Amino acid sequence: MASVDQSQLCSKSVSMSLSVDDGVQRRTGDYHSNLWDDDFIQSLSTPYGAPCYRERAERLIGEVKEMFNSVRLSPLNDLLQGLSMVDSVERLGIDRHFKNEIKSALDYVYSYWSEKGIGCGRESVVTDLNSSALGFRALRLHGYPVSSDVFKDQNGQFACSANTQTEGEMRGVLNLFRASLVAFPGEKVMEDAERFSAIYLKEALKTVPICSGSLSGEIEYVLEYGWLTNFPRLEARNYIDIFGKDTSPCLQTEKLLELAKLEFNIFHSLQQRELKQVSRWWKDSGFSQLTFTRHRHVEFYTLASCIAIEPKHSAFRLGFAKLCYLGIVLDDIYDTFGTMDELELFTAAIKRWDPSATECLPEYMKGVYMVFYECVNQMAREAEKTQGRDTLSYARNTWEAVFDAFLEEAKWISSGYIPTFEEYLENGKVSFGYRAATLQPILTLDVPLPLHILQEIDFPSRFNDLAASILRLRGDVCGYKAERSRGEEASSISCYMKDNPGATEEDALNQIDTMIKEKIKELNWEFLKPDSNVPISSKKHAFDILRAFYHLYKYRDGFSIANNETKSLVMRTLLETVPF
């Protein structure tokens, strides 16, 4: 297991003087306090770091590989069996052990793929909805060129023969729904498939008593989380529960489930060690004294460990958690707490990038600046180990753009200015910080990102532009009322209404929702397009960061209100083990 010198990773403690008694009237966001006491976090323990659990997992990995190899023995259902194996190991979060087996299985399926899809086996003479839908989704997610025309009839219209509600048919429609969520722009048949399958599945849950516990749980989960609010460790945690509800498990299911539970709990022991470091960094750096900001260091580490679930990616998880936490502190300084004079000084200090730049800053900003400075520098050193080049200037340019966007929004707040929708979004997709949150962490991964590949992921690529726009728009939908109550008038909603006199808030929200849906399809294309110069594996973590952030906006602004669904996410994926 690769390790990082944790004593060096953004860990320098800076004593902050945070008493602000200068007579200046300051706004605050009135956020709830930190939910995770450092003493509680330091007391966490688990037995799953013991070697015996790793040894048992390794034996099971070998047995599952043998299961992959035996799939092709039956010509009547080998395609469906292979796809089901791929689907299961991916959803259980154990696919990293079977990359060669997954590629071999998908190459085999693709060799039998036709314009009408596939049957259950290589000798099947009739195509099968479940096999075709599962195959379409898996092949598209792995970059194979497959057309959605497989779901059309001879007249070019969406066609589905599902008219009963047997368990087999429901599973086929479920996988059709899952396939429809990875639609590309212009695929109307996939829109029709999504509409049909969603209605069918919701009705099935209400009316069909024969639906097994595992299938009903699977349907409920997919309808709830879909594609963009789902991400690896969250899906693994929930799918383990669903898998465990199978009333007639076979030996294959039992082995997969045992391995998934072991891997989940073994990784949990690593999560605990890293979480303790993040919490101690937060406490020792003096952030616990900040009363005006959102303390979400534990939540950001949770997201990081739900995205990067390979043990060797420790630098990604720790760096992402700390950079995102610092980003949210600085966002609160610019949006509410800081005065315009202070913000101008801080922005200038960032561009100087020198500890001596703190001399002109107010006391409460000095410590924040120094911790931020050390963290960005150390992340650049970590990136140099994997990329073989100095990326600090790249990171600095990224953050300078964010602070310029922060400052522009602060000016709007101060003056009450509401820009045009285009002006707002152009600035807002930078100020959201997606690019800054993504760039340095992905550079620490063991995936080479030469400049020509990085340019396809980072700004100003279409991929980055779409991801940042989606997050800014979704964030506004969830948070514009709270921001307006704090005197922050500019949002995509208010800007749309300004551009379109007579438009209501409902009109604006409907239009923005439509924009988000279209941008998601475009992003699917940028992420999954076949024959790209950039492998999907190089874009995956950047895409999963988008999904993690988008997840926090599923019900409300989960960055600001973290004591509901966000707290549940922390408990289920970070603090609790899976029972055997």
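For all residues, glycine too, the Cβ spot is worked out from N, Cα and C.
Annotation source Swiss-Prot lists Mg(2+) 2 binding site at ASP331, ASP335. For ASP331, ASP335, the entry in Swiss-Prot reads Mg(2+) 1 binding site, with the evidence type similarity to another entry. Positions annotated as motif 'DDXXD motif' by Swiss-Prot: 331-335. If you look up Swiss-Prot, you'll see GLU483 marked as Mg(2+) 3 binding site, on the strength of similarity to another entry.
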Message = I'm trying to understand the geometry here, so how far is the Cα atom of GLU483 (Mg(2+) 3 binding site) from the Cα atom of ASP335 (Mg(2+) 2 binding site), in Å to the nearest whole number?
response = 9
Task = Count up the helix, strand and coil residues in the motif 'DDXXD motif' (331-335) according to DSSP, in that order.
result = 5 helix, 0 strand, 0 coil
Key: GLU483 (Mg(2+) 3 binding site) - helix vs strand vs coil (DSSP)   = helix
Segment-level pLDDT (mean, integer) for the motif 'DDXXD motif' (331-335) = 95
